[in-house]
Amino acid sequence: MSAASQTGDGPPKKTKEPKNKAITQQTLPACKPVLEPVWVVFIFLAISMVLVPIGAVCLFYGLKAVEVGARYDQICLPGKTNAEREQHILENAANDTNLACSVTLTIMKDMKAPVYVYYELNGYYQNHRRYVKSRSDMQLAAQSKNLATSLCDPEEYLGGNSSFPINPCGLVAWSFFNDTYNILRERNGVSLLLPVSDHHIAFQSDRKYRFANYTPQNFNPELNSHRGGFNLSDTTGGATPGENERFMNWMRLAALPRFRKLWGRIELDLKTNDTVTVNVYNRYNTYKFDGQKSIVLGTTTWLGGRNPFLGIAYLVTGGLSFVLALLYLIVRLAKPRKFGDPASLSFNRQPGAS
Amino acid sequence: MVKEGVEDYKRYKLDKETNNKPVDVLDPATGQYVTRTWKDVRVGDIVIVTKDQQFPTDLLFLSSESEEGTCYIETMNLDGETNLKIKQAPDDTKDFPKAAFAEFRDAVIECEGPNPRLYQFTGNLLIGGKTMPISPSAILLRGCNLRNTDVAVGAVIYAGHETKIFKNSAPSPSKRSHLERHVDKIIIFMFSLLFSFCICGAVYFAIWTRDKSPKHWYLAPTDTSHQYDPTSPSFVGFASFITSFILYGYLIPISLYVSIEMVKIAQSMGFINNDRDMYHAETDTPALARTSNLNEELGMVNTVLSDKTGTLTRNVMEFFKCSIAGVAYGAGVTEIEKANALRKGTILDDREQPGAAQYRERFYNFYDARLMGDAWNSAHDPGTVEMFFRLLAVCHTVVPDGPTEPDTIKYEAESPDEAALVVAAKVFGFFFFKRTNTTVVVRERTARGEVDVEYEVLNVLEFNSTRKRMSVVVKEKANEKIIIFTKGADTVIYERLDPKYAPNDAMKESTSKHMEEFGAGGLRTLCLSYTEVDREWYNNTWMPEWVAAKTSLTDRDRLVSEASEKIEKDLRLLGCTAIEDKLQEGVPECIRQLALAGIRIWVLTGDKMETAINIAFACSLLTEDMHQFTISVYGVEEIEKAERDGDKVLAERLSHQAVAESIATVEQAMNDKAEGSRFAIVIDGKALAYALSKDLSPAFLRVGLRCKAVVCCRVSPLQKAQVTSLVRSHGDTTLAIGDGANDVGMIQSAHIGVGISGQEGMQAVMSSDFAIAQFRFLTPLLLVHGRYSYKRISRMVLFFFYKNMLFGVTIFAFNAFNGFSGQFIYNDFYMTLFNVVFTALTPIVIGIFDRDVDKEMALKYPGLYIQGQRNEYFNFRAISLWLLSSLYQCSVIMVFVLWGCRPTTSDRASGQPYSMWQTGVLMFTCVVVTVHFQVVQITETWTWAHHLSIWLSQAVWWLYLLAYGVFPLYFSTDLYNLFVGIVSPSAQYWLYVLLVPAACQLPDFFLRMAQKQLYPADHQVVQEIQKKLQREGRSVADERGQVAPSILASIFSGKPNKNKGFVPPYDSRSRFYGLVSSSARNTGRIDTGTRSPVLTHLDQELTDNPYRNRKKSPLPGIAPGPRSPTGPAVMPVAEGMQPSGHAGAEMASASAVAAGRPVLPPIASSPPGAHKPGLGHADLMPSNGSDAPAHTSVPMHHALALAPLPPRTKLPPIHQTSPNAANSSLAPGAIASPTSGPLALHQAVNEHKQEMEAAYAAALR
């Protein structure tokens, strides 16, 4: 670590004298924000000033969106227990009409188009490790590289026969949600079948990059024995992964066991006191695992669907900041301390030391 | 580890190089000298060492082919002294030419087994039927170099690992800092947390899989793979445990150790080594951190244990004053006097007198017009003055070197004091310029003109600590008069003055007065005397007795001492000299600062008590406001009586009792004093030996720890190490600082060893952890670097744990929502990069660049250091607060993100609800931003490095998201187009990124601010002061009180402004600075019950530091102490102990196998098994109460221990045989390694340490 430094105008003399550099002498120019009490209060208030208005705005828009929905898995089927209901759907596997039922929703507040149609599942672990892993993004995007279905275990081959590789493979695709809905609006006694669009209900980037148009192979040729899992067809949203946006939404996993997926979009307004009747083909087996199924209609604002949480969180945090400012002021007033007072140094307070 | 590997390799290379050095060895077969490598040299070989070569082994010096049979050696590697030592070959071999040794067939060396005593040797040379004692002065030790001598022939007596230098080397202990050990504990805690997480997860998952998963048909539970097989829950649990272990592994900051290492290297190589404050321009020595492990330990030091000579003082002796024939000469003012005067408000005129400059030289700083030039001829009593000067020129063991001109001559002296005296004589006109084996030649300039006078040196009666005097008997060639010159401690000399010689009485009085004055000024005094010896009596009576005593194989010490007594009598007093050992620059201020920093200072010195106290006052260690206690066993009548009567046991018991009582009294007195009183203890080596004994050490430690300062006088190197271990055993962080080989033990046993570099010798530096050039640099080393490093590293480590905990718990918490299946909400790629990229830079920047206050402020307010001593930054409270904060923030993140962004809500106008990877990115962003907000909070200063790291790290995260999203799908999978396509268009994402960190940090911020308001930490107050100063436009540097040298001064001095390194501010107002008058000292002291008016009764000795005069003092490692003339005795620590009867038996077996009994080839067959019990073993045993008679309660033990004691010299003479006498087939000189050697120093120390710790623990119970 010896540094040659030149002293004076003599010949360069080798010395071990360390160079006078700010970085090694630890004298780098530095800013030291030492907060005086007024600054502390100011900071708390400033945070509060920023957060509270944002919170107000968020709350406003979070509440502006309208949401209406109803759980239907229990009421749609006869039977007292889920086991009986499951029995029912398994027995009527071939006959969808026996599974149909209708749910009536009353619109309490105007809903401007577009009105989004969601199904909501509860108790469904899309975030289970086995479930999450069992898919092949490359296959879905029809990219030539790494088409192997090995990632998809256990839904890799149809019937376990390796000559029938499944495409799209994996548990997620295999368990594709298969309830369908017809939605009727009754306004002033006039009933109208609302057209439910399934276009542009998936993320644009998904439509563009992640799902390709190809004909599925060996993909749920029939409903699986658990009475869940759908195939892709023109009648139910699109025959290829790249066309079927409901499939895309299904493939976007949910982080928690209670989740919604966008099923369709209604381009007509719903008015207060309208009655909406949803005719459900209740095929999907949530009874085995005591899950719940709901149908939800909702509108959005720029901030998203109805969700006051963000606004409240902002308001609480901003309010907390304000309270802390007051608390700090009280502390400050109750026990004032001179700024930079050497008398507050602990070693100055002790007897015997100077 | 790599570092250690490299070091090991270097060591290996060095070993190889050393092993293969060439040396000329006599081949007995051919009688020729052949060149061999060092590793092939065997015991018994005869080797030739040429000028400037190192000795490959321990050698018996046989011949130097010079007339006198002497050679000079440099012992720098052994004791750090650069002056040359003279070695003398035995008379019978010194005249042999080297070729003659080929015919050398019937010589045998008998000697003791290998041992670590550097300055002792017991053995005989059997040659031609004669038995001759070998004196230690004929032993050439490995590690020394031959100087000024062309060739030296020697016989190998100990080789390889048996050499004394090896026996002395203890492996330097590997040192780890407190903080690192704490880190290990936290890591263990984190691991247990991890395990419990994993076990919880695994158990839950196993049960869930068994009971619930069969119902979740979409998980295809019937398509079993083992990992998810509901029918084998135990395996599922096990697999889950493994998965979780990897998953939650983020709790353990793996990169922590790497980061710590990097930071420490930057701190030591970048800052400590390059600090201009610790650069000593005069010796061109920067500070050196020899290890980077202990940086933060420097910030936690509670106790500094310091050597005195060479550490506090410069070890440059200057002839300063003298008193001749009752008249005091010399007008200089010592530092101590200056300080004293300043304290009283006067300023002494210390300007050099105009005439003084021409005489000023090294070792000499004296001017008095009455003596200078030839003026002394007309001074008071010129005859005495002349004799005084003659004594200075003759009575010494100095060897002149170089051209024999007064200006150019160099003196090689064993102690700088002697050199100072000889130089003084030279200046006064008594120029000593030549020494042969038997003569000393002095060019005397007297009223009679300048003549070369040759004195025949008949005898040299050497100094030792019992005699406390040194004499030479000379015969003036011209007039055949025999004169004895004696110099020594005043008490010793006064006893031997001629009562019939009239001038003595008058002179005694005034000389005593002068000596007292000199002593009070911190000077080292010597009393000088001479007398004429009756020639008849000398030749016929004394000389034979002397020769008999000198050659006696038994009881030699006692006989020699008795013989000396007979000639050193009826002396005539000449006067006294006073030598100044100057304090190093800035020492008092440095000590004052360290004291203010709450550091206890223990000075361990070989000096006598009075000198030590004076120096302690001079360097502000002892101050007037301290309650000073003295513990000593000197001057206690009963003990002295017992010693006089030779009743060792009684003396031991009484001493032990006295020390015990003293300590108890001191403790009682301390309890009685008001809170906040400051205490100091002065203890002498002998009392210390008892205080360190097993049963007293806990009490002594208790008392010592309550003192601001402890001065231990006359301590041995081993005691230094023991004291260090004792203090260390309490849990205090100790720092030992020293400069010499005698400090090595202390340096190694302390937590931190600091060596004084840039001066003579490297021993201390080589065993130290940090090397600085001056004592005063301790201040920046501790107060700046130590403090910074401690704060930085503790902060960095805590931050590491905080962030990993925060991150790890989010992963765990998310798992609670997916049945602990081991799924994570984050993507693998950015998860792995969390520690490595996104949060890697900031902790390192904290560790390197953060500084809470400027270094000037750290120096101005030394009390800031106390935070480190109390470990306020890394104690349980701090750690748990950090972890709690981490948990709180984690829960805020989990609630806000998992509830706010639950997948039943939509965050955009197009209606899609939150999906998993999107929530993951949001959560991760929150974690990263929160963590950096935390950095913002704890950052004390913002340099560009801080800005860079904090903002860059966050920017990198978003850049990563952007970049990764456009990578091909097979590469970025979940992240493919996630950020651009889904996450960033959402307003909620950005709103949460703003909200969550704010919600996380607000309470933290409030608590910090409230704490600062209510209970401000010291550094926070100082920060405010600093801020205030800046606001007032004053720079902090001004506050340091250093006035920049004026431009004019720098022009005229002809040198550019030179960096002098750190000089502590001199604060004249300080009440800590200054010396206390002796009366104040007397009143301030509490008599401790031993009736020891120490200052007055304390025996004086010739030179105050027995270790400097190495000739008579044993090696570092065993304590020198007054050698009792009655022979070996059981004395704790201070003296080597003979084994007691029962112990002797054990030791006999030990020494029987102690190999390395060398012979000269060919072997004289002598019976094996003869041995000298106890040597090398017992000498090393510290007094630990086990067999030292320190117990007052077990007198029987002593009786047992003492009764069978054979005096050392009456032991059967040892017969050196070949190393393995039993195996006579071994070639001559074959080496044998000892199967069991004497206890090595470090072992003894360790044992002692353990015992002390145990004793301490017991005492606490």
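Cβ coordinates come from backbone N, Cα and C, glycine included.
Here TrEMBL has B:Asp307, B:Lys308, B:Thr309, B:Glu418, B:Lys487, B:Arg524, B:Thr605, B:Gly606, B:Asp607, B:Arg714, B:Lys720, B:Asn742, B:Asp743 binding ATP, and the candidate from B:Phe433, B:Phe463, B:Phe629, B:Phe770 in that same listed site is B:Phe463. Range annotated as transmembrane segment by TrEMBL, chosen from B:235-260, B:989-1014: B:235-260. Across the fold, the C-alpha of B:Asp739 (Mg(2+) binding site) and the C-alpha of B:Asp307 (active site, 4-aspartylphosphate intermediate) stand 7 Å from each other.
Comparing C-alpha positions, B:Asp307 (active site, 4-aspartylphosphate intermediate) sits nearest to B:Gly606 among the binding-site residues B:Phe463, B:Gly606, B:Arg714.
Long-range contacts of the transmembrane segment (B:235-260) within the same chain, counting only residues at least 6 positions beyond its ends with a Cβ under 8 Å from a Cβ of the stretch, are 180, 183, 187, 190-191, 193-194, 197-199, 201-203, 205-206, 209-210, 226-229, 793, 796-797, 800-801, 803-805, 807-809, 811-812, 815, 820-822, 824, 831, 834-836, 840, 843-844, 847. Remark: of the binding-site residues B:Arg524, B:Arg714, the most isolated position is B:Arg524 (fewest other Cβ atoms within 10 Å of its Cβ). All protein chains considered, the CB of B:Asp739 (Mg(2+) binding site) has 30 other CB atoms within 10 Å. When Cβ-Cβ distances below 8 Å are used as the criterion, the transmembrane segment (B:797-817) is approached by residues 179, 183, 186, 190, 194, 197, 201, 244, 247-253, 255-256, 259-260, 823-826, 831, 834-835, 839, 842-843, 846, 873-874, 878-879, 882-883, 885-887, 889-891, 893-894, 898, 923, 927, 930-931, 934-935, 938 of the same chain, each at least six residues removed from its ends.
The number of other Cβ atoms within 10 Å of the Cβ belonging to B:Asp743 (Mg(2+) binding site), over all protein chains shown, comes to 35.
The separation of B:Gly606 (ATP binding site) from B:Thr309 (Mg(2+) binding site), Cα to Cα, is 8 Å.
Classification of B:Asp739 (Mg(2+) binding site) by DSSP places it in coil, neither helical nor stranded. Of all the binding-site residues listed (B:Thr309, B:Asn742), B:Asn742 sits in the most crowded Cβ setting, with the most other Cβ atoms within 10 Å. The Cβ of B:Phe463 (ATP binding site) has 25 other Cβ atoms within 10 Å, all protein chains considered. Note: the CA-CA distance between B:Arg714 (ATP binding site) and B:Asp743 (Mg(2+) binding site) rounds to 13 Å.
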